[in-house]
Each structure stands twice: as C-alpha cells, then as structure tokens.
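What TrEMBL records for this protein:
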DOMAIN    53-110  domain 'CTLH'
COILED    179-206  coiled coil
REPEAT    294-324  repeat 'WD'
REPEAT    410-450  repeat 'WD'
REPEAT    541-572  repeat 'WD'
Amino acid sequence: KMSTTNGNSDLRVNISLSERDAVKLILDFLQQRELHISMLDVERETGIINGSYSEDILFLRQLILDGQWDDVIDFIQPLKTIDSFNAKQFIYIVLKYQFLELLCLKTEAQIENDLSAEQIVKFLNDLRPFAPNEQEYKKLSFLLTLKRLQDHTDYRNWNPSAGRVQCFYEVFPLVHRFLQEYQKSRAEFSKQFDEHEIQRNELQKQFTANPKIRAINDVTKYDSLEDITRSPAFIPLATIEDVQAIRSVDVHPSGKYFAVGSNSKMLRVCAYPDIKNIRTDSLPNQAKVLYKKGKHHLGSIYCMGWSPSGKIIATGSNDKLIKLVRLDMDKPEDESNSTLLIINQDHIDYFFSLSHLDTEIELTHHSGTVRDLIFMHDNSKDDSILLSGGAGDCKVYVTDTKKQTPIKSYSGHQGHIYSIYTWDACNFVSASQDGTSRIWDIRQPECVNVIAARPSNSAVASVAVDSSGQLLAAGYEDSSCLLYDLRGKRVVQSYQPHTNEIRSVRFSIHSYYLLTASYDKKVVMTSLNGDLTKPLVLSTVAAHNDKIIQARWHPHEMSFITTSADRTCIVWAPPLSALSILAQSP
C-alpha cells in the first residue's frame, strides 16, 4: 500500500505468504544459486518439492536423485514404442551422469571404494553407442586423463548431488509431454489389455481343440538319447502376459495360487493350473486371474512374498515402500457375490471369480529400492515377522507386521542387499552387491557367519537354503553358483551352470534338485544326488525369449514358475513320462 506523509511518499508493501509459499521461494533461490545440496536438504525436511510435477515425473525425479540408474532407464521402457520419443538421448544423459559420478568417486582420495580404472573404461565403452556424436564421446574420454574431475573447468564445483539434479533437468523436457499422454491413455489401455486377455482365452480354446497347430517348443528338444533320459522335459502349462517386464512371483503356501508383480506396477493373483495328466503335446493356457490391481505401487514391483498362513501378500518396490495386503484366498466363497473386483487407478472392471480383499498397509522405513522380502516361518504359521532389504542404507529390517513398525535392523553389508532367505523361525541369510552372504540369527545382535566374496568380487544376486538348513546355494552376477555347508562353514563347490548373471536360486521340495534362473534366458536344474564335491549333472529345463528374473518352485509339486523381461510369467511342469523319474529320491 502507498501513503503520503508531509509531502513525502512512502511506498509500503505488505505481502502475505503461506508457509508452503515461503519454502517454495527458498527452494527457488537455492536452485538459482545452484546450491543443490541445500535445496535437497530443505525438500527432505519440509516434504515440499521445488516444482510442480505429475506423479510419474515426481517418481522419475526421485529415482534420479537416489542414483537408481537402472531403474531410471527401466522407467522409460513403455515410451520407447512412441516414434517421437528420443530414447537414445534420454539414455545417453543418464549414462553420462552415472559416468561422471563414478569418475568423481574414483578420484576422491578420501573415499574408499572398489572401483577400478578398467571398470570405468568399460562403462565408458558401453556408453559410446548412445553418444550423439564422436566429439561428445571424446569429451567424456578426456576426463579420464584428469587427476580429479573438478580439475576440469566445466566441473569445478561438481558433486554427485548437483549432478543428479542437473540430470533430472536435462531429461525432463524429453519425457514430460509423453508421460502426460501416457497418464491420459492409461485407463483406456488397461481396459484394452483386459479385453485382449479374454480374447486370448477364446483363441486358446480353439488351439486346444486342434493340437496339430501347436508350435515347436525348443525347450523340449535334446541333442541325444542320453539327454532325454536324464533331462526331463518341463513344458509350459500356463502363461501371464504384461506390457512391461514381469519381475516377481511367489506361490501361495497352499499351492493353489500364485502372485505376480511387474514393472507396469500391476499386482495379480492367479489360480495355479492343474499339473496332473500332462502330456508332451499339452498347450499352455492363459492363467486364470483371480485378483488384479493396477498401479499397486508407484514403481516396479521388485519382490513379493506370501505370509505363512497365506492370508497376507507383501510387495516391495523402487518407490521405497512395502505394501501388505490381506487377501484371504481360502475363505469360503459367498455365492451371493461371485465376481471379482479389479482395481485400477482410473476405472473399475469386473473379472473372473471371487477374491477376498481386506486392508492394505504401507511400510515406509526403507530409504531405497526394496529388493527382497520374506516372512519368517515356523509350524505355528505366524504372520507377524517380515524380513526385508535393498538399496539405501543397506540394512536388513525385521518388521512386526501387527504393529506395522520395524523392531530391529541389521547392519554389515557394504552394498545393496539383493536377496534374503529364511528356513526356520530364527535363522536367515542375506546376499549383497558387496559379494558377501551373511548368516543371521534373529536372537543375536550381529551376524553369526560371513561367506566371503569370491575372487571375482562378483555381487551375490540370489541365495537360498535347503530344507535341512545345512546346504546353502548362492547365485552370482558372474554366472557362477556356490554350494556352501552351513554347519561345517566351508565351500562345497562352485560351478558354472549359466553364461550370464544368475538371478534366482531355489531348492526343490525335499531338496533333490537346485533350480537356477539366469539372464542367459535359461532355467537349469542341478541334480543334488551323490557327492556334491564332484562334477554335477545339469539339465536345461526351461527358457524364455529374454532375461529370466525369478524362478519359484511349487511348495508340494514338481512344478515351478518363471518371470522374465520378455513380459511373460510361465508355469512349468513335467509330463507324466518324466514325473516318475523326478519323483525318485536321489
């Protein structure tokens, strides 16, 4: 307001700001001054973000700020189908900032790290196909000659936090308009996908009626009679398809159902198919979906697990959340309400048969991607104790699901936790990016044993323990598999069942066989008959068209499920001709 006193004009302006607006002004000031670390600290303290973004853009921003580079690239997979979206430029920007960060960490003398010059050069070579031109690539190559990244004039004040903020600002113009199209079309696309599933079921009935049109299944082809006698032919029984990679799967304790989670954020529960009377010419059917929820998480569903009673399904994601859904599949059906509600973000459909949905709980204690989780179990079918781990602080959390809060956390790993497995009410093992597997007893404050990293320092991608609690199997990113005697605390054998990363290891019922699944697109079954220190008998029993991410056995039957980057989940089982061989005790 303006007032005049004794001929003198005084200009007075009163501005009324809400607390949120004041914080926004501070954030904008810090951004303009390129004080990015301070800006991010204010955001974390206040929960207010500098900018107005859609939900998907906010999630992408957080992935970048957390340095979850692989997840950032996975995030834009659906956009690659749009001709006008420049995926190459997006990937180049992300890889460039990842390279700068690696270079900064390597040259900081006060930071201890295991990065070698060879690893950084290899990363730079992998980046080359995405560079816009050779000149840009040479600029990055020149940085390798510097003692410190900050010695270059363009990066004098560079730090990882500032780099991640700048990375987001550079990719934002590439994606924002496409994501707003994507959000608008999501409901319509989801509806079309449901209709496609129904049409596929109808076509499947026609295929079943005419077995002559069955395509050749390469998985069941063998090179010799010896292969046929020792390698039972697992055949696909049922499939689930998605618009993006399917990451996670778990079979219900009853064996009647299985749950599936994908990069499309969708959670589904399906009926496990009948595996009796299977013939070698059996055709795979579309799995019957009993429960379906779109956008269950803000990000990809990395892991899932049923509780011992089978009444709760837990899921973990790169949105840093764990969700617990009470889904009592074995509850008696109410004949008056025999339809299933499919829950989507933007619309509601009705599909298939009855399911029983109750409450949904969110657990927010993780500071990074939740890579794996599992319920502790004993004969009492207690659902109260959940183990989880992942990125962020690299801790294993023990959560009381009834109180909905962590009751204990374990430190020790120096890298992301990739896998957790428990075999009784007290003991569990965690596997990590740091190359170690750590054995824990929930009654003890520290780990009780450490399986040291392999000479290659390869990350441990998956771990499991047999039903006796004596033999541990660990799958590594260097494609090796380790068998370890837990009681004797000694390595039994290390062997090479695959040619690429082993993402999943699991023992069969009674632990007669070990199942390994890999990025080499194959599932290998290892016979555990006889002396495990001697060469083992391996059989390739299943395959996908792209990387296999997880494989899980049926709890009671000789059948397993796989998930893959080829956007399918497949249930496998042997025909009657092979079942008798598999059922024999070694």
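Cβ atoms here come from the backbone N, Cα and C positions, even for glycine.
Under DSSP, the residues of the repeat 'WD' (541-572) split into helix, strand and coil as follows: 0 helix, 19 strand, 13 coil. Here the repeat 'WD' (294-324) has long-range neighbours at 55, 59, 63, 68, 71, 74-75, 186, 190, 244-245, 247-254, 259, 261-267, 269, 330, 342-345, 360-364, 366-375, 377-378, 381-383, 386, 388, 390, 392, 399, 401, meaning same-chain residues at least 6 beyond its ends whose C-beta is under 8 angstroms from one of its own.
Confidence for the domain 'CTLH' (53-110), expressed as mean pLDDT, is 87.
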